[in-house]
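Novice: Mind looking over this structure? Questions follow.
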Amino acid sequence: MTSNIKEVLGKSFDYIIVGGGTAGCPLAATLSEKFSVLLIERGGSPYENPTLLDKKYFGFPFLQTDDFSSVAQRFISKDGVPNLRGRVLGGTSTINAGFYSRASADFIKRVGWDEKLVKEAYEWVESKIVFKPLLTKWSSAVKSALLEAGILPFNGFSWDHIAGTKIGGTVFDADRKRHISADLLERGNSSNILVLLNATVKNIVFQRDGNKSVVRGIRFIKSNGSINQTYEAYLSQPENSIPQGDVILSAGALGSPQILLLSGIGPRAHLENFSIPLLLDMKGVGQDMQDNPGIPLIIRAKPEFRLPEPPQVVGIAKDFKFIVEGFVLPVSFNGTTLMRVSIKLAFPESKGKLELNNTDPRQNPVVLFNYLAEEKDLRECVQMVQLVKKVARSRSIARFLGTKPRINVTSSPNELRNFCRKNVRTYYHFHGGCSIGSVIDRDYRVIGVKGLRVLDGSTLSESPGTNPMATLLMLGRYQGIKILKERENASAFGNQQHP
């Protein structure tokens with residue numbers, strides 16, 4: 001693990017993974033079992049900042065953001081809704097609420113994954129960084145409130161995405177220490193992995209092979225350096241041949257489409273606006289952006305001194321459409337927090353798009369999610385508010401508070417529609433931008449070029465389970481194993497051809 005660019009210069013790697021986040025780290029660990037891997041991360045190491053991994057500081061990174069160096073990078077979508085993305089090794093798994101829950105069996109069938117391998121990949125992750133929580137008094141009150149509001153049955157502790165109320169997994173251990181995707185790097189072959197920190201990829205380097213573009217490597221800058229001072233890292237290339245490995249983008253739902261656009265892969269007219277030479281006219285890059293609309297209800301208006309608490313319990317309601325959780329979130333660095341019950345819409349129909357803002361890869365692209373633009377989403381938001389209001393006004397929450405919470409939410413359907421529009425917030429589960437079928441194929445290869453894949457939340461058409469972390473951790477391991485088998489089969493076929 002290094003920030004010293006000299007350790008990369010002059011070297012080549014079988015695989016280059018861009019983004020040491022939720023999917024990138026398990027992918028790097030898995031590929032390192034057989035191949036050399038460069039994992040390049042735009043942020044720094046969380047292990048040098050112990051407060052990041054301490055549960056009592058959950059939510060603090062959300063309060064302190066800047067343009068280029070904070071571990072959480074703030075952006076505001078064109079909808080006007082503030083949002084965040086991770087900028088640290090471990091990605092969003094280093095700063096999120098740490099709730100762990102698998103995708104539904106139905107989702108796994110629909111996307112066509114190998115169910116046995118999916119189960120093995122989930123278990124590989126769980127054995128290293130996931131724990132069963134010991135419920136706090138707050139979480140016990142939320143659990144009772146969910147049941148009181150009719151989110152039944154109570155399913156106890158479960159990894160699975162099942163209707164009703166359940167206790168989920170957590171990445172916080174019994175000593176309140178957070179475990180992150182980067183911990184999974186320990187499961188790889190350390191002599192085969194180089195992690196380069198504080199380096200931001202500017203674009204992908206290509207070469208020609210006949211009529212096809214082939215990836216040669218990446219061009220990057222120091223995250224705190226000049227955009228004009230660039231460096232390059234390359235894929236290993238056999239003599240008189242093209243590279244056999246891949247550059248794999250795992251830079252997230254904002255980062256991966258942005259890098260494709262900066263590399264000349266995207267809609268022609270948009271790239272011309274920034275004088276980016278066109279490599280591939282691909283209209284799907286940056287399309288189908290979605291964020292699950294959320295509605296938070298603060299159950300005690302006055303901040304109080306208590307430790308922050310991520311959710312340990314979840315309610316999965318209305319045929320899996322609504323996800324309800326309780327949080328205690330910090331509102332300042334002096335230890336004051338607010339208690340809230342939040343609900344999200346699991347399957348929104350509204351979609352938006354992502355476009356470049358400029359050609360600096362460190363700056364956020366422009367993104368529009370179009371929250372509640374579809375009438376169906378707005379109708380379901382009204383139902384969401386009615387349900388979350390029941391939870392917030394429950395006797396269980398009142399008993400915990402010692403007083404009846406003051407929830408000033410109307411009951412009029414028309415006023416609730418306006419309430420939704422005014423109070424819609426992110427649940428931080430945004431996805432899309434590199435959809436299967438329009439940008440990548442089912443093996444996560446970018447269509448029309450050789451040696452380039454995308455593997456992260458940008459490839460999802462919906463947020464799986466209660467939240468995507470578990471499935472993105474699994475997907476890094478799952479797809480890593482698929483690539484290893486693919487290379488093994490190709491090697492066996494080559495040996496048959498040339499005995």
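The backbone N, Cα and C atoms fix where each Cβ goes, glycine too.
Just lifted these from TrEMBL, have a look:
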- V88, T92, V201, G457: FAD binding site (BINDING)
- 252-266: domain 'Glucose-methanol-choline oxidoreductase N-terminal' (DOMAIN)
- C381-C420: disulfide bond (DISULFID)
- Y427: substrate binding site (BINDING)
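So that I understand the layout, could you describe where these features sit and how close they are to other parts?
Specialist: Cβ neighbours within 10 Å of V201 (FAD binding site), excluding its own Cβ and spanning all shown chains: 25.
The DSSP breakdown of the domain 'Glucose-methanol-choline oxidoreductase N-terminal' (252-266) into helical (H, G, I), extended (E, B) and coil residues amounts to 11 helix, 2 strand, 2 coil.
Remark: C420 (disulfide bond) has P293, I295, L372, L378, C381, V382, M384, V385 as non-local neighbours, by Cβ distance under 8 Å and separation of at least 6 in sequence.
In this view, Y427 (substrate binding site) is surrounded by 23 other Cβ atoms within 10 Å of its Cβ, with every protein chain counted.
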Novice: Would you kindly give the Cα-Cα distance separating G457 (FAD binding site) and Y427 (substrate binding site), rounded to the nearest Å?
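Specialist: Answer for this pair: 14 Å between alpha carbons.
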Novice: Over the span of the domain 'Glucose-methanol-choline oxidoreductase N-terminal' (252-266), how high is the average pLDDT in this prediction?
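Specialist: That region's mean pLDDT is 98.
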Novice: Let me check the 10 A CB neighbour count of V88 (FAD binding site). How many other CB atoms are there?
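Specialist: So the Cβ neighbour count for V88 (FAD binding site) comes to 27.
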Novice: What are the sequence-distant neighbours of G457 (FAD binding site), meaning same chain, six or more residues apart, C-beta distance under 8 angstroms?
Specialist: T22, A23, G252, A253, F430, H431, P468, L472
